[in-house]
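The structure appears right after this line, and notes come after that.
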Protein chains: 2
Amino acid sequence: MKITKFGGSSLANAKQIKKVFAIVKADPDRKVVVVSAPGKRFSADTKITDNLIKLAEQVRDGQDTDHLLAAIEERYMDIIAELGLDQTIKVQIEENLKKMVASSYSSYDQLLNTFKASGEDNNAQLVAAYFNQNGLPSKYISPEKAGLYVSAQNGHTHVLPEAYTNLEKLCHVQERIIFPGFFGISKEKHRVTFSRGGSDITGAILAKGLKADLYENFTDVDAIFAANPQIVAQPQKINHLTYQEMRELSYAGFSVLHHEALRPAIMANVPIRVKNTNKPELSGTLISKTRATNDYHITGIASSRGFMSISIAKYLMNEEIGFVAKALKIMSEHGLSVEHVPTGIDEISLILRADQFKSAADEESLLQELQQRLQADKVYHEKELALLMIVGEGMVSTVGTAAKAMTALAAAGINLKMIDQGSSEISMLFGIDAADEKRAITSLYETFFKANK
Amino acid sequence: MKITKFGGSSLANAKQIKKVFAIVKADPDRKVVVVSAPGKRFSADTKITDNLIKLAEQVRDGQDTDHLLAAIEERYMDIIAELGLDQTIKVQIEENLKKMVASSYSSYDQLLNTFKASGEDNNAQLVAAYFNQNGLPSKYISPEKAGLYVSAQNGHTHVLPEAYTNLEKLCHVQERIIFPGFFGISKEKHRVTFSRGGSDITGAILAKGLKADLYENFTDVDAIFAANPQIVAQPQKINHLTYQEMRELSYAGFSVLHHEALRPAIMANVPIRVKNTNKPELSGTLISKTRATNDYHITGIASSRGFMSISIAKYLMNEEIGFVAKALKIMSEHGLSVEHVPTGIDEISLILRADQFKSAADEESLLQELQQRLQADKVYHEKELALLMIVGEGMVSTVGTAAKAMTALAAAGINLKMIDQGSSEISMLFGIDAADEKRAITSLYETFFKANK
């Protein structure tokens, strides 16, 4: 049994929904279909979810909502008309929206969550109607009905353990299940949206709860690529990734999927396949716990801009017990998250995301505070850094990977500000000038992927 | 004007002292001679300082001291006889020793310091007598007379700023000055020995106080070598090192000189030359603030055993503000000094010297504590690590050094447990299995030094 999730661009209009229908119908194992809200039809288009957020603000501020509500309704009505659906679903969605705006909510947060959730919820009802009308018996099932219970704490939404027990019962449904993504319900029966990853997380939760054999994630790319296609022209597709490789790559800028959103599926050891709704014949990328080795030694090259380093020099630092701890404590007192701590002999660097500082003055005063409280000899910073990462389970067994990467970077004249390889041994991290990013990635790609062909 | 310091092996017997005399006489700039206590004459010999410590313990415990005192006296008397010195110095040293044992001390610490200091103090008097008797006008000057004031705090001995002002006045002495190394005096006029580096630090303090042009450090090696001679046969001599390179190399196992002991000279920017008493015609190794670039890109390869790593894995660690700080705080609560912190995405490693643990049980309980307090997914350790370090000011300007080093290590089949290059960019650190140490150093040496010849 497969959980099959479709992203917003796969459900943006009638033409796309017809593709989705064909995909689901083609495989009887595609028992559970998770749908997103209709996405953008063209790049300047507005996502329905963004309009729903605006609508919530208008209601909160007592503004006139007629115009925006009509625009939202029109998106569904256009699709309904194009798909030639009967009046029932039209009336149903109109009523859903009317009721949503007219209801009273105990807080703005509750209102906002309900409005946002409606994007997926109405779309699931629409998709179920289309499937049924075209001879594929389908059933819209809401998180309320399925008992997908969550709790929201500190801005993060967590699934409650009982939700998995409840979801398991969906196995007995005979029809295809059409399930709205992006939200669950609280014990008080209020809708609560997920903090990130949109509908991906709903699919992952269902994959775990229903003990699926595969979690298919349909989106608008052919596969996950070995390098950013905006930097490398037509990069190699990755056929097979491990969960851990996926995690490391998504840290450093691979944005196809949020690793965190997939976590329930990963925890339950359900393989994930990324596929393209527009080219379902392609095999896409499989993500699973282990994989056979490939020819490339490394699996992917990622990079992420927006980092900076703060370096602290102090003579005989290594003999001062707790020095690094003290430095990091000062950072955390300011709510700053430090991601890497390369150390020399009398010097450490703190690598962090630069957008954590509100102003240059904040930065300057932190440098001074570090200098004073640590009695450091010197404190200085370097901005505009990019973190470059090569990832691959094969790295451990191939002693020369680091050497090969370094040689490629040296050939491209890249100055390495930082090198960090910890104990995980499936990835290696380099700090470079952001200005060198493109050259560095190109050089690594040529070395690891082109040379082997 | 030069400060010229001789180590224990350079003053172990009459033959060595004659060499010292020839060296000092040959250069009128060698105005100040710092002497150590007589060192070992052969490898199974006992250093006079070790016997003095034993003697102090006998006095403390009320044991019979006759035998040991006679042995100590005999070392000096043998040298005096061999050098054909007159009775004056013989009587003087006998009286010094008698007085030392007979005096009363306000604490054992004071007694121990005084006993230890006597090794150098008597030897300086002996050397001055020999120099004078052979026509080189010389004057023994004690730390008391020179005003070399120190204070001892937490087991570390610090020079007081006024000491430097006092020492400056030694410029007016006409004769060669023979100065005992290894101790200063407290404001209460008690002798206080230095915590480490023996007489090296006295030489460095005099170099700063007297604003010397050069601090010569005579020992029993031809030079500082680019790699450990016990691993690489006849390694390249280093002609010229910078202070910073010296600091980094001495961290990772270069034991010729204690960088910390040289610090006063370094702070005053006095160049240091390491020479061999037995081959004074060799130029040795010069250590100064800057140097011209050489052909080798790197200056030295060092390594140090006895490290271990503790790795901590926790999913989404990088989003938890203060995670690394918390881990390091636990370590410092246990008085453990962590020297390097390589970080992955969901994993950090703490690299520390393994001898900090008293027992395997302590280690085990720390791992458990880390796991519990950090709510980590996994905590594990790896022992028998060696840190390998390549050092060179040339590394910054030579983009390919890292690549070259990695290629050499890969060719030797060395598995890299850790790579760390921080912002200093004059050194690069690798963590490897201690069992791979010899192969790794040999391979790096061949690559960086032999290939260039």
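Keep in mind that glycine also has a Cβ here, set from the backbone N, Cα and C atoms.
Just so you know, TrEMBL annotations never went through curation; they're auto-generated.
Within 10 Å of the Cβ of B:ASP220 (ATP binding site) there are 16 other Cβ atoms, across all protein chains. Marked as ATP binding site by TrEMBL: B:LYS5, B:PHE6, B:GLY7, B:GLY8, B:THR219, B:ASP220.
Long-range Cβ proximity for B:GLU120 (substrate binding site), meaning a same-chain Cβ under 8 A and a gap of 6 or more residues, is found for B:VAL35, B:SER36, B:ALA37, B:PRO180, B:GLY181, B:PHE182, B:PHE183, B:SER199. Positions annotated as substrate binding site by TrEMBL: B:THR49, B:GLU120.
For B:390-453, the entry in TrEMBL reads domain 'ACT'. In terms of DSSP secondary structure, the domain 'ACT' (B:390-453) contains 31 helix, 13 strand, 20 coil.
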Can you name the residues of this chain that are 6 or more positions from B:GLY8 (ATP binding site) yet have a C-beta less than 8 Å from its C-beta? B:SER36, B:ALA37, B:PRO38, B:GLY39, B:LYS40, B:LYS47, B:THR49, B:GLY198
Once DSSP output is merged into helix, strand and coil, B:THR219 (ATP binding site) belongs to strand
Which ones in the same chain are close to B:GLY7 (ATP binding site), with CB under 8 Å and 6+ residues apart in sequence? B:SER36, B:GLY39, B:GLY198, B:SER199, B:ASN217, B:PHE218, B:THR219, B:ASP220, B:THR277
